[in-house]
Amino acid sequence: MQTKNLIIGFGKAGKTLAGLFDKHGQSTVLVEQSDKMYGGTCINVGCIPSKKLIHEAKTDGFDEAMQNKDALISTLREANFNKINDLSNVRVITAQASFVDDNTVTLSTGETVRAERIFINTGATPIMPNVAGVDGERIYDSTGLLNLGDTQKTAPKRLVIVGAGFIALEFAFMYHAFGSQVSIVERSEEFLANVDDDVREIVLDLLDERGIELHLGQDVQEFRHQDTHTQVITDKLTLDADAVLIAIGRQPNTNSLNLQNTSVQLDERGYVVCDDKLKATNNIWAMGDVAGSPQFTYISLDDYRIVADDLFGSGTRQRADRNIFPTSVFITPPLSQIGMSEKQAQVSGKNYQVATLAAQNIVKAKMTGNTKGLLKAVVDKDTNEILGVTLFCDDSHEIINLFKLAMDNGVKADYFKGQIFTHPTMSESLNDLFAQF
């Protein structure tokens, strides 16, 4: 089979690029190894199902929440497949791809595809530790725990989470809301090391209020499986669990591609080495998680924009331009950040100043009763430039996007103290936060 473009992986960047190629009348083959992954990680096993469950946990029981999540994902997956498969210049093939050379890929269906250009968009998967018992039936990665409703109608009574990063925290808050007794085990002595101390202390308070145990400096030695439960054994303690989530990081999906048959290079972690325009070779690009980009769907979409600009635009867009972008952790309340934290400002050499506003002083927070949290801004004292913002409050995942626009366009800090916002809202608190400068 001969085609102009071959896209491996049905992720955000890949599917969007397929649509662009169709508009340009270019023949394209999109290969996805699993019919459960049409649309990519976010739709099927990432941000959409996890955020749906976080929302459902506030109102519905475990079984109903899982059913509602499954219904949503099924609808989105089908819509994504049909949107691409119905394109006249695109063919979707469900198969595993393996490189023969820089232009040739064999498929598990027995077909061979030759392409002028190839785009790798295979994503990443959870890392599992090399620990005895890790293959036991009560041990889950994030995908398994998102789909726990397939095998049981109630949330586990005791959930132990190995790892204390953002994914771990989201699951901890989610399953606590479903009624699980949650314990977090972290190898490092540090917790949220890149978050400012005042923000981290509030997270610790929220964990304590919910009875979520946090065990730092604990190296898991073994998962010992009993008839009715699993014991998580560290070098210092033993915890009993009805389910164990492994959330210690993610690794690129490159092992099965046989990239050693090509001129593509991988780094020491297995990510595709590519330039600022995401080119790995003269005719092979990598996009999204597999390219070592920050592992967010919206960054994968931006990778698409870089490639699209390289092929059909000015060719000036590149990863180096992506120096700031917002992030959100969907705990309760959500924690959102952009730009520098106070910690980062301290080592930057800049002459900076900081303003903070406790969520308990915001009228909207008092109305909802969600008064835990903190708003924080870091500003250059000499230029009034906004260096960074942390919003740890209700609706922060929406409000933080204002600062992407502001910082990209050089909006100064004093703009926000005089801005008109609707009332009563969380966003109006920006008046008070920035009035301190």
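Note: Cβ is positioned from N, Cα and C throughout, glycine not excepted.
All annotation found in TrEMBL is predicted automatically rather than curated by experts.
Annotation source TrEMBL lists active site, proton acceptor at His423. According to TrEMBL, the feature FAD binding site maps to Lys51, Asp289. Taken from TrEMBL, the feature NAD(+) binding site covers Gly163, Ala164, Gly165, Phe166, Ile167, Ala168, Leu169, Glu170, Glu186, Gly249. Look at TrEMBL and you will find Cys42-Cys47 tagged as disulfide bond. The domain 'FAD/NAD(P)-binding' annotation in TrEMBL covers 6-299. What TrEMBL records for 326-432 is domain 'Pyridine nucleotide-disulphide oxidoreductase dimerisation'.
Shown here: features listed in TrEMBL, placed on the structure.
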residue	record	Cβ neighbours (10 Å)
Cys42	disulfide bond	22
Cys47	disulfide bond	16
Lys51	FAD binding site	18
Gly163	NAD(+) binding site	23
Gly165	NAD(+) binding site	15
Ile167	NAD(+) binding site	22
Leu169	NAD(+) binding site	25
Glu186	NAD(+) binding site	22
Asp289	FAD binding site	29
His423	active site, proton acceptor	9
Listed recorded positions Cys42, Cys47, Gly165, Leu169, Glu186, His423, filtered to Cα within 10 Å of Asp289 (FAD binding site): none
Can you give me the Cα-Cα distance between His423 (active site, proton acceptor) and Gly163 (NAD(+) binding site) in Å, rounded to a whole number? 40
Other same-chain residues whose Cβ falls within 8 Å of the Cβ centroid of Gly163, Ala164, Gly165, Phe166, Ile167, Ala168, Leu169, Glu170, Glu186, Gly249, the recorded NAD(+) site, in sequence order: Ile161, Phe171, Ile184, Ala247, Ile248
Return only the integer: C-alpha distance in Å from Gly163 (NAD(+) binding site) to Cys42 (disulfide bond). 21
Helix-strand-coil residue split for the domain 'Pyridine nucleotide-disulphide oxidoreductase dimerisation' (326-432), DSSP-based: 37 helix, 31 strand, 39 coil
Distance [Cα-Cα, Å, rounded] between Glu186 (NAD(+) binding site) and Cys47 (disulfide bond): 23
